[in-house]
């Protein structure tokens, strides 16, 4: 099996539908992608807040004492505290649970309602955190934020994939990841600014999470629903009109018929959860909706994203230096995501996965080696300015590799490979697996760093080796393939074709439009 890869002939498409890329659909997708701000802002803000001395003194005095007692401190164990880690990770446990409810809401009431619920929950949670007087209020606020993230991450990628034309679906869907990276960068900048405040800087940082929440709520009112969602609820004429509007063409008969066929097939499925787990033809979708979010978290990226200031402070960067370094990595994240937007529909998903994986492996090995040389296994030592600069440089190289591969593609690929009848269930699996392992990393990373020391970076590097091999052999190219014709891709893959029956290959035209390489 020569890699099991597929590339598109020519433009890489399946059926060539009427219409093109309209300003309306681009603006719609940009507004919808702002749902990523919720997730991104939280990823960036929590690490900065947990490194602020005033916040630690008020809520986690034991950690603050540990930082200032040299006899108890090692470079690897400064912040090892389960309650502090629970503050960060509790959000993702709530997101995991809420993603299942979001799946039902998304299917029954549409994608917009899920976005609205997510925005409202995030807004209330941000207010709880901003006005918190004890740890219990902080945790409740984080749980509400988690509900918001669960609903937003369930609905937004699916919304984007359904609205976008196949030929630019990747670029528009990655707008969600772009919003995540912008949220992270803004959070890092805000943390740097609020750290200079004499009092209550952490309240401002946490309270400003209300801003992306308000954007999400407003967006859910002004956005149109997707034709797919309208068809699911029996609104055939409105679905046709919306398809004509987003494609900028009157003749959308072929695409509309494909959507209707998919919708009719979906209505015959009474229990999408039972089908995705029991029917062999959905095996590829189940595997990738489970494996991709699992692997995405074990790249180690959230170690950098929500613990960046803590990590840099642990490694000996000063207070300001740690926050500035987090801003730098956040900026690299944003710029590198632009690379993915440019490349994903030109060169495909596979090449970005593979190149990004190799880049991350090299970077993690170098960072682990540099930290090991300076701190060894005892955690005793200091960083020279030159070594600190090299560590920051390779962390930035690692972030760049993630930002144009596993970052955006971890949300894009699961959202575009599921047939309509199992799409909400598939996306719920994607979100819940993602959130569960984000919770584990968030809850135990500082403990893992304390015990595994510099070897933790080699651990994540080894995981990236495994996931890169997985992509090389098992992921076909999905660039330019209409969502409702994805069965053709699986049917022509040397491994997955054994699971996909002939009647699962739907869509106009019988010609093969992919070839094995």
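Placement of Cβ uses the backbone N, Cα and C atoms for every residue, glycine included.
All TrEMBL annotations are machine predictions without curation.
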Per TrEMBL, the range holding transmembrane segment, considering 113-132, 233-252: 113-132
Listed range which TrEMBL flags as transmembrane segment, given the options 46-68, 138-160: 138-160
Distant-in-sequence neighbours of the transmembrane segment (425-448), which means Cβ under 8 A and at least six residues beyond its ends: 79-82, 84-86, 88-90, 92-93, 95-96, 99-100, 102-103, 106, 146, 149-150, 153-154, 157-158, 272-273, 275-276, 285-286, 289-290, 292-294, 296-298, 300, 302-303, 306-307, 310, 410-411, 414-415, 417-418, 456
Contact yes or no, the transmembrane segment (202-223) and the transmembrane segment (322-344), 3+ Cβ pairs under 8 Å, gap 6+: no
Average pLDDT across the domain 'Major facilitator superfamily (MFS) profile' (28-479), rounded to a whole number: 86
Cβ contacts the transmembrane segment (391-413)/the transmembrane segment (322-344), at least three under 8 Å, sequence gap 6 or more: yes
